[in-house]
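According to Swiss-Prot, the features are:
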| type | residues | note |
| --- | --- | --- |
| REGION | 1-90 | region 'Domain I, interacts with DnaA modulators' |
| REGION | 91-130 | region 'Domain II' |
| REGION | 131-347 | region 'Domain III, AAA+ region' |
| BINDING | GLY175, GLY177, LYS178, THR179 | ATP binding site |
| REGION | 348-467 | region 'Domain IV, binds dsDNA' |
Amino acid sequence: MSLSLWQQCLARLQDELPATEFSMWIRPLQAELSDNTLALYAPNRFVLDWVRDKYLNNINGLLTSFCGADAPQLRFEVGTKPVTQTPQAAVTSNVAAPAQVAQTQPQRAAPSMRSGWDNVPAPAEPTYRSNVNVKHTFDNFVEGKSNQLARAAARQVADNPGGAYNPLFLYGGTGLGKTHLLHAVGNGIMARKPNAKVVYMHSERFVQDMVKALQNNAIEEFKRYYRSVDALLIDDIQFFANKERSQEEFFHTFNALLEGNQQIILTSDRYPKEINGVEDRLKSRFGWGLTVAIEPPELETRVAILMKKADENDIRLPGEVAFFIAKRLRSNVRELEGALNRVIANANFTGRAITIDFVREALRDLLALQEKLVTIDNIQKTVAEYYKIKVADLLSKRRSRSVARPRQMAMALAKELTNHSLPEIGDAFGGRDHTTVLHACRKIEQLREESHDIKEDFSNLIRTLSS
């Protein structure tokens, strides 16, 4: 049996799976083929369980298609493949990294997937008091399709700091949970190693600290502080734009931390290469580990967020009320929680039960503003401008891809961002049938899974229309 078998499986999996999934779950696996058994080694238990649950059938199917009745048995283990005398005895993943997902510099070794920091006995009192918010944990982060990969990547980093995906770069619009995940990682790291030095900050704080250090002739102390951390969590890295001295200092800090296997996690409101005013060498390094998007939450996740938030406040929120709010407020988690806080406050002040009519009254101005901001006309104009076509093209019978794909995108956005029915949306797009709208919505949903570009387009348009 050829020892290139796992390489064949990798090539097929890379073709079949979304690039982010392949990079996150399949690439870290190491393989060893022996005695008709293919052993797959995962860097930690979390990865092992995920791969076995989600991809076991895919891998077994490929083995059978390549080998037929002689397909090897699969075995999963945590750790690294054993060192053998024969170089061919072990096969590791060397498939080229997918573009724009996990980029590595040619002169730098690929990110390691070691088992994490060595466990050390916890001192009676931690020697360093972190500024991580203990209220933000993985347990109270509501997971959905829109943030599943980001949460999974953050969970792995918390379990394997300095090894799994370093740096981790999370990007997405305001209020989608990036900051929550930063703090959750920090809490996860300190749960495993209570004396770890974990520093969370907004990027502007880094700039302010550097300016003070320069004014006080204390730049060496500044460098020592930031390069001594076990994990550096920086929010809104886009605020480094056009701050050349800050970028220069962060560049050297970044390199020093990675060389020391110290974890870096960054967030931004946009993909690294789209951050204007930041040096290319920094943007390149941002992609050395793993880059994951967080998208606006889908309806089911919005409902779950409202129900969990209400439960945390000991408030009974009827399901139909949560659905009513979630259907109308779509842009981000912060907006949802703010609306719910207003509903709860009004209920406490008035002593009234929380019903749909009560919510409609309590959120009257917010709901009116939302309906005014997002209309089908607005969506059509925004999409046409984004794709550099005319609104008339969206309404026409033209079927060329340059028009059909934007039209499908606009229909999907209309379904996502407005309360119009499918027939109403179809009417607004040149009198099309509701089945055409349904097909468009399903097509865009499929393409968001398969195409990084379509996923980016959808997120960018959602962000534009919701701002």
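Cβ atoms here come from the backbone N, Cα and C positions, even for glycine.
GLY177 (ATP binding site): 27 other CB atoms within 10 A of its CB, across all protein chains. Listed in chain order, the extra residues whose Cβ falls within 8 Å of the Cβ center of the ATP site residues GLY175, GLY177, LYS178, THR179 are GLY172, THR174, LEU176, HIS180, LEU181, THR267, ILE294, ASN332, VAL333, ARG334.
For LYS178 (ATP binding site), the same-chain residues 6+ apart in sequence whose C-beta sits under 8 angstroms from its C-beta are ALA150, LEU170, TYR171, GLY172, ASP235, THR267, ILE294. Taking a C-beta cut-off of under 8 angstroms and a sequence separation of 6 or more, THR179 (ATP binding site) has the following same-chain neighbours: HIS136, ASP235, THR267. There are 19 other Cβ atoms within 10 Å of the Cβ belonging to GLY175 (ATP binding site).
Mean pLDDT across the region 'Domain I, interacts with DnaA modulators' (1-90) comes to 80 in this model. Broken down by DSSP into helix, strand and coil, the region 'Domain I, interacts with DnaA modulators' (1-90) contains 49 helix, 18 strand, 23 coil. In the region 'Domain IV, binds dsDNA' (348-467), the DSSP tally of helix, strand and coil residues is 93 helix, 0 strand, 27 coil.
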